[in-house]
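Have a look at the structure below, then the notes.
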Amino acid sequence: MYCSNCSEHISDKAEICPKCGVNPFRIKNYCHNCGKKVNENQEICVECGVSLTRNSTRGNNNTQEPWLMALLSFLLTGLGQIIMGQGKKGAAILIGSIILGMFTLGVSALLTTPLAIIDAYLIAKKKKEGKEVGDWDFF
């Protein structure tokens with residue numbers, strides 16, 4: 001990824017460019033995908049075709065409310081993660097909770113459910129703020 005302010009190559013998960021100190025998606029001087037100069041009014045890069053806005057509302061996972069994802073993870077452990085696009089992580093949490101629950105006669109739910117709720121809330125909050133979240137990122 002490239003900083004959209006100074007075109008410096010930065011980590012995909014960077015929240016601030018280490019060279020210029022700007023949030024990579026606040027200013028659009030350069031494409032974050034290819035580093036080419038762009039007009040601040042452009043919606044897509046004409047060089048590589050990538051969207052120049054991180055928080056597009058066209059069906060992506062950045063629009064879920066944190067409280068709703070926490071509620072869904074309360075109702076079914078891991079469901080909030082699955083809905084936010086962390087399907088493998090959510091399935092692992094769900095299956096792990098079921099297996100642990102069988103061995104501990106459900107007592108492990110006192111640990112796994114609150115952790116899943118907190119994780120779903122914090123991940124949804126990060127996504128809502130426009131921060132990059134990986135498939136297996138926790139909290």
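Note: Cβ is positioned from N, Cα and C throughout, glycine not excepted.
Because TrEMBL annotations are produced automatically, they should be read as predictions rather than curated entries.
The domain 'DZANK-type' annotation in TrEMBL covers 3-49. The annotation transmembrane segment is assigned in TrEMBL to 67-84, 90-118.
Each residue in the domain 'DZANK-type' (3-49) has a pLDDT score, and their mean in this model is 83.
Counting same-chain residues at least six beyond the ends of the transmembrane segment (67-84), those with a Cβ under 8 angstroms from any Cβ of the stretch are 61, 90-94, 97, 109, 112-113, 116-121, 123-124, 127, 133.
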